[in-house]
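Presented below is the structure to which this report refers.
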Amino acid sequence: MEAMKETVEESLREMRDTFASGRTRSLKWRKRQIEAIYEMVKDNEDKICTALFQDLGKHSTEAFRDELGFIMRSATAAINGLDKWAAPKHSNLPLLFYPAKGKVISEPFGTVLVLSSWNFPISLSLDPLIGAIAAGNTVLLKSSELSPNASAFLAKTIPAYLDTKAIKVIEGGPDVATILLQQQWDKIFFTGSPKIGRIIMAAAAQYLTPVTLELGGKCPTIVDHHTIAKNIKSVVKRITGGKWGSCSGQACIAVDYVIVEKSFASSLIDMLKPSVKSFFGENPKESGCLSKIVTKQHVQRLARLLNDPRVQASIVYGGSIDEEKLYVEPTILLDPPLDSEIMNEEIFGPILPIITVRDIQDSIGIIKSKPKPLAIYAFTKDENLKTRILSETSSGSVTFNDVMIQYMCDALPFGGVGESGIGRYHGKYSFDCFSHEKAIMEGSLAMDLEARYPPWNNFKLSFIRLAFREAYFKLILLMLGLIKR
Amino acid sequence: MATKKVFGAVEASDLVKELRRSFDDGVTRGYEWRVTQLKKLLVVFDNHEPEIVAALRDDLGKPELESSVYEVSLLRNSVKLALKQLKNWMAPDKAKISLTTFPASAEIVSEPLGVVLVISAWNYPFLLSIDPVIGAISAGNAVVLKPSELAPASSALLAKLFEQYLDPSAVRVVEGDVTETTLLLDQKWDKIFYTGSSKIGRVIMAAAAKHLTPVVLELGGKSPVVVDSNTDLKVTVRRIIAGKWGCNNGQACVSPDYILTTKEYAPKLIDTMKHELEKFYGKNPMESKDMSRIINSNHFDRLSKLLEEKDVSDKIVYGGEKDREKLKISPTILLDVPLDSLIMSEEIFGPILPIITVNNLEESFDVIRSRPKPLAAYLFTHNKKLKEKFAMTVSAGGIVVNDIAVHLALHTLPFGGVGESGMGSYHGKFSFDAFSHKKAVLYRSLFGDAPVRYPPYSRGKLRLLKALVDSNIFDIFKVLLGLS
């Protein structure tokens, strides 16, 4: 570990020197690096898909949709938007301060740390990287050891495409993370669980390092069958995709559980079953379209969630587990107890609890009783319900009538609140995430007001009071001696 | 003197529970409630300015003008701005949608975080308490304010005024010292806003980490002033003096901490400073009523120690008078103290101003860059190129050219630090944003589903996805029509 510590310190020194040299401030340099990320992904599509298949059993189409395609778009958007994002924002100043000028410029924090996750090891590494570089920082990326092939790809290939003195990759697990967290960074960006998020923030506190924590939670999906009956087929498809279509439910914005009125529950289940079959065939394990569970430990974790006898009793579909093959069958539960473990921690797997309520309005109470999630999904056309959801619940985001797709929407900030996280990114928000908004005010030496300076007297006091109220007319009267204090 | 109510762990927990109930009941969400609270604050300023001024005189010996301008007027403006803009601030922002998620519409909705904690400082006890509270209330939160115990008269007055005017079910003051603060920090808050030292900022953030509570930390640092020979010296000096001794006698987070100028220019600068200082504060500055006193004997002793250090005490070129009983130190200027002396290592926060000379002005930028990032960095010059270089290469919370501290009063500029000087910002709309969660809302249509989204995956689907990624509408049509 001593050797690792030295490597980290050496890397930090080099990155700091590079930052101090000013090289990363050039927009040209930044765009070139981001272009290189695009090229790296494009040139190595097959290698990346292979790595993702080895780590997670991800199908290449899923890999492209969720990771490669996403990064390529993100890179293009950053290159196209950078000039605008980096431009100073001019502020209007009150007349009193004329002819002073004010503006805000975005400046890089310096040397930043990105800690990525295993479920989308390419996009959750490269997307924050794009943001950090766009903002002009030097950056160290630590990829997750739980996705070793993707991690190895990044460690090997990033140095071949990007400026190695400014952008570095380190592989490893918690022991490497610990060493990294002992260092001083100008910003830390973390994607992972709330439990580790707390550790990251506590470590950051030692150095007053600002953090962005993209965490998780239980993303509920409300199905208001009264108003979406006409489009129920679409609804079912989207829920199926939202639970099992992306890394087998191991996604921070996956559908965690569904809430539906008791009267519709069995109809919904009867539609979900064939839907799952249409996606993954009779034998999902062999379909090639369902991702694996990342490790045996996680399979065991999911098995434990199902082991609770009350939860076992609620299984209406699926339930089989093959630890060797890292497989958990797409599983549906009907009304597992609300106090069971599976209803109190983020499932992060292919198990879908369906929770019934008498009246769909009651779904709001259930959501509020839990920590704020990263996303809330609601299939409804009822404007009243939509308003209630928006105003009575809190979450990173809310998506009506679809799932997960808010991730693709560049114009929307992506981040959590409360237990689901701090800060946000995507699109320009990524740029802002890694920037310090520095206010710059320029005054004029020409116009000087006596009233600003001691010794104080009543005239000066009146003057300043009126100036603050921007009561310019009265100010003039005061100066002309036409009104007294 | 009112007897202090007991505030223990139970009281702290009950307080948060009560405020959370109010918040969950929706007490603070409505526009009307927020406006009512803000209007009550205006009444406070209109009816109680003399008491505020008196409390500040008790606690800090603050001159009436400073109290009136920097504490009351700034606050009054802040409330008026919030009242004027609140509807605007509360309205959702529409967001632009790309082809991949069409058909859809999107917006960003501002929602309150919930129950927030504001911990204030002693040097501007009203401004630094009420300004964040204005932000918290505008954003629709329930808020607990913990004023600094080092300014007891102000703390007591704040408690009294809040109780008298604001809605106790959602806005409260807890008085006390580190004991009460620690009990408060044990609770789960939805946001913590702290103004104070970097040392305590770390403690706050570590406590917040336990609950994943986001924080704004308005800290401090050594705000440097670079003075170019190419400037209007008289105006420069007057502004430095007003910004240093005219703002709570140097006890302000954006106070000019030390000056950097060329060896050549320093004598002229010092002469002009001596001249203007006398004009401002007379031949006997210890008798002047136009400066605050040092807050207490702890800080007095701290500042004395800074002056007594070897190789520092012999660098005094002006002032240096001290009176421990009256808690006064006269405006003191030092020339070229060692860069590793205590006075050049910590934020001075007092009426002492070191002047450090360099061979050429650009060197001063290097001096600043070699130190922790300050809350503010100042430059006085006519030279346009120098101004640009300074703005681009010196990192600080905020940069002010040709003036001192006024950026505090500008609600259109975010006010906050970076690195050691803090995180987050406020003032104007930035205050509203600081206490809001910006919730992304996407409205999708149930019509028009792209099978390309779902398994079973195929080559055709992959092609279409690739086309969508590049958002080239012609490619998309080609695939859809089977022409590709």
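The backbone N, Cα and C atoms fix where each Cβ goes, and this holds for glycine too.
Per TrEMBL, the feature domain 'Aldehyde dehydrogenase' maps to A:3-439. Taken from TrEMBL, the feature active site covers A:E214, A:C252.
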Close in space, distant in sequence - A:E214 (active site), Cβ under 8 Å, 6 or more apart: A:F189, A:F190, A:T191, A:G192, A:C252, A:F414, A:G415, A:G416, A:G421, A:G423, A:Y425
Assigned element (helix, strand, coil) containing A:E214 (active site), judged by DSSP: strand
Segment-level pLDDT (mean, integer) for the domain 'Aldehyde dehydrogenase' (A:3-439): 96
For A:C252 (active site), the number of other Cβ atoms found within 10 Å of its own Cβ: 29
